[in-house]
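K.L.:
Just lifted these from TrEMBL, have a look:
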- A:Ser63: pyruvic acid (Ser) (MOD_RES)
- A:Ser63: active site, schiff-base intermediate with substrate (ACT_SITE)
- A:His68: active site, proton acceptor (ACT_SITE)
- A:Cys83: active site, proton donor (ACT_SITE)
Protein chains: 2
Amino acid sequence: MDTMGRHVIAELWGCPEDKLNDLHSIERIMVNAALEAGAEVREVAFHKFAPQGVSGVVIISESHLTIHSFPEHGYASIDVYTCGDRIDPNVACDYITKALGATRLESIQVPRGVGPIHVQDVKVRAL
Amino acid sequence: MDTMGRHVIAELWGCPEDKLNDLHSIERIMVNAALEAGAEVREVAFHKFAPQGVSGVVIISESHLTIHSFPEHGYASIDVYTCGDRIDPNVACDYITKALGATRLESIQVPRGVGPIHVQDVKVRAL
């Protein structure tokens, strides 16, 4: 398998607090984001923190999606990393951004497995 | 909880093929890397691909560690993301780099949860 991959690092702000504190909803959103992008889901692990916040990962055949939510700050930290060029990580990221009701997205894309690391596609979007 | 975090993205090259194809050894290395850095392990999920390669994640109270290995290329893609300033993600990254016998490390550090995304600490090291 080729090592080439694309890793989107996204910061979502302005998400409603209740959405960021709902483990089952977040798990469903992350799995659906993977499927929406055409990825194959392999493992799913989510954890709810006390008093608040959710962390989770979806391992896909093509790498992974992760989330860490901070409900009290309306903030969710998202990573979508896809190996190969069949799956576009931005499709999953856009799905998550919309589903979590973010009002602001900052993201960068980092090519993986292709030599010196550099940053592409810096985006800041009000939504 | 404060949103501030540090995310180390590392590309390991020159790792022995057998190390990159051993699910149980990689899982142990990733969990030990988290513990070595002083993190609290919450969830662990690893997957072995056919014919080769391992993907896995360790969710810690302070965020996550992930790995994707490509044994035939001697390449492992590593992420160590730690929230707060108590845990240094570089400690875990250095532990993994050594344990997997990499001969070359490329890494960047991306601050998370603190506003516009930028890249810090670009490193390229022959080992």
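Using the three backbone atoms N, Cα and C, a Cβ is placed for every residue, glycine included.
From a predicted model like this one, the values you see are computed outputs, not experimental measurements.
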K.L.:
Starting from the Cβ of the residue listed as 'active site, proton donor', draw a 10 Å sphere and report how many other Cβ atoms land inside it.
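P.N.:
I get 25 for this one.
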K.L.:
How long is the line from the C-alpha of A:Cys83 (active site, proton donor) to the C-alpha of the residue listed as 'active site, proton acceptor', rounded to the nearest angstrom?
P.N.:
22
K.L.:
Residues with Cβ closer than 8 Å to the Cβ of A:His68 (active site, proton acceptor), same chain and 6+ apart in sequence?
P.N.:
A:Gly53, A:Val54, A:Ser55, A:Ala76, A:Ser77
K.L.:
For A:Ser63 (pyruvic acid (Ser)), write down the residues of its own chain that are at least 6 apart in sequence and whose Cβ falls under 8 Å from its Cβ; none is a fine answer.
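P.N.:
Spatial neighbours, sequence-distant, of A:Ser63 (pyruvic acid (Ser)): A:Gly5, A:His7, A:Tyr81, A:Thr82, A:Cys83.
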